[in-house]
């Protein structure tokens, strides 16, 4: 019996749960450790009715409009159904009631408690109770005989007891269970089950098998087991016809046996492997509802419990039609968007998928074999052979088995063992394709839903009995005021931008698929336009950009429009569209590249630039997703960087600096407290680094009312060893580099950028590099230091050289100096060499240090000119001493006169400058080559203002550069010839420096007699000058 396992959905908080159907099978009822009883109209019901019955609820049962629950306050309560009004307390215990059940007629309720008692209570009159005593440990479960003569119970004392209800005595008991002290410590819940109608068999789960005991004789007549059940069975339930028995295990296996053939006809596994603690068979026999210990609910759908031998030809024809329609419908409606899950890797929509019965992908292919060891053929194979039949069906056809329960335990003949064996397909199974969706929207089947939530605003859709409308709300009311639109065309898709609202609906039998745009930013009065798509073409995805809109259709086309309604380009897609997103002039499209396997989606992505220069940036490359996941969100950051999020919560950002690759920057699942919790993303920002999302408790999407609160999650690159100091700094650096890429894209696209923010981010990166450099120095990782230095700027590299020299790592400092010179050569402008070839100044001191600036050289030229003027003036003073001595207004100390005290200090100061060693001064290469022993003095002495030249070039002149650069230590000469040339160049330079010094000293000696004669003349004329001054004063 091929069936489909529905995806698990959140029902209650983590803990023990129970489940049952109502009598007509219209509702599913569940209870959990949160104390609530929820009434689900279907598995897709996103707003189930909730009834709070206590702090914790351990079991529930329903019959004749009466809902009975076992609550943690040691009581068994009764409520009305479906209103949920309290109807009193049925009975009380001195300990927790663990299990409750109705009899077949609904007149009695049996309850087992942890105080070792079993009570049978009349529903009409709760004062009429019967207490069954005999267990020596807490009671695990109770179950009524369909004929209401016997009651079976299991206990933690290891026994299973059958009671006579009227006589209140034990009929028989079996010690087949493992003993435990409490229900929480029990290895299994041991939920018992009587065969429906006549109660001929009692099913008892014992370890990994199910024992079948015959009524009246109480003997073991059969045992059902499966090779794949390795953990204890928790609960068993019978099909309504009494022919099939289903069991749920602690390991998450769901197994169905045909009791007549003792064959396993269906085997499924919980998608997460959680313990199955509650099971219920639908009254029609086509479904099984089950719950787990994590509070989740699911269904096994499509069970065929009708025997082939007893089915009429009309039933065969109708079942074939139903099967055919179901297969086509399942493929089209594979993703019903319930609970936001567009994909269930175990869903069966094709014969290939059904052939494996949705087996868990971790299991081996051997699980297609029944417990008896014979190959079991399931439904159909790849070739869809009409002769393919289930082994159980073949056996039933040959034996002519009847539906009556009396034939359930008849022995099988040799003909039943013979089964047709066919080759099995052992390859990977195809994955159902993901249905199209709109990023930032909730499922379309909800009456109140978000049609889109983005950085501009929110579009809500309402489709109930009172109203069918659309509300548009803007985050910034300055953009536009809120709008209320009538949804007469039943729009299901929407997008919102700073300029317009774009809506779309699918086609119907009468109307074509329509595209409606409300251009609220238009300056004219006609702000709305509408467009019909061609017949047979439906809109599946849409988006808005700056001045344009796009829609992806079922015809594998993308149609572009202007916001004013002008049709633009139309192009084809390589596969069916999944979703679209727009930002500015960028269009991002996700589509199916092919068929995925083993739960993986095969998606491709296209990124187009729709500005003045139209081009395709990403050309249909694969979109990376996590294993066994689907695409949950696609869009752009606020700065315009493409981004995607999969169902596993992994956020990936496009890295433009690394060849348009996708880098994971966050995992929202790491921030979830519960396994059923998720984050619903509404926006991403790169500056500041923020992931704006809404936390969803037990669901993948939030409700519309009340308005959910938006939270902010940080980004974190998945680097190794992020707990260490080194890993943290590496993660911070590369995350900063990744999130700084948008500055280059925006500037190249002509947008204004935040230069202050860019410089701040660059500064933080360099600081992190310097910290990592210091840490590597401490760890004596010098090669790693050089690697980090290669990423530094010239100024930060200077600090690294100082740090290395002060840390006494001279070898590292020398390598860093060479690296600094290479960086300086790369940063120098191309006209720098031309300036060197034509120096703009000459100097008498050609051998002086080349580290002097042009200002210093001009100052020296001025000093030389002043010295020449002083010499000429002194000669004139020697020939005209008397005449000059008589002139009263001559001041020998005025500027330009020959002052004897000016020349010698100049000479002394110049010599002192050349003789003094400054460890922070940039020295020339001539001195380094002349004195190689000075290398160990300080690495900072290797810094120079000139480019790297041979050592002999120091004698060619005083060529200088405009900006100071770093020069490493000059390596030692490799040959004797080079060493000789270096020494000769240094000697000629020193001789040229000594000549001007000697000339200055000789001039000073010549000036001495002139100064003495000047003093004598002044002393002779001093009385006359004093008299003249007195006369002038009078």
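Keep in mind that glycine also has a Cβ here, set from the backbone N, Cα and C atoms.
Here TrEMBL flags 9-298 as domain 'WDHD1 first WD40'. Annotation source TrEMBL lists repeat 'WD' at 9-41, 132-173. What TrEMBL lists as compositional bias 'Polar residues' is 308-318, 941-963, 976-988, 1018-1034. According to TrEMBL, the feature region 'Disordered' maps to 308-393, 823-1034. Feature annotation from TrEMBL assigns compositional bias 'Basic and acidic residues' to 321-332, 991-1016. Sequence annotations record features per position, and here TrEMBL assigns compositional bias 'Acidic residues' to 358-368, 862-882. Among the features that TrEMBL reports, domain 'WDHD1/CFT4 second beta-propeller' is placed at 435-719. Per TrEMBL, domain 'WDHD1/CFT4 helical bundle' is recorded for 727-825.
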Let me spell it out: take the repeat 'WD' (132-173), skip the flanking residues so only those 6+ beyond its ends count, and list any with a Cβ under 8 Å from a Cβ in it.
95, 98-105, 108, 110-120, 179-183, 185-186, 188-199, 202, 204, 215, 218
Residue list, the repeat 'WD' (9-41) vs rest of chain: Cβ under 8 Å, 6 or more residues beyond ends.
48-64, 67, 69, 71-72, 79, 81-82, 84, 277-284, 287, 289-298, 338-339, 341, 674-676, 698-699
What does DSSP give as the helix, strand and coil breakdown of the domain 'WDHD1/CFT4 helical bundle' (727-825)?
81 helix, 0 strand, 18 coil
Mind looking up the mean pLDDT for the repeat 'WD' (9-41) in the predicted model?
89
Can you tell me how the residues of the repeat 'WD' (9-41) break down into helix, strand and coil by DSSP?
0 helix, 16 strand, 17 coil
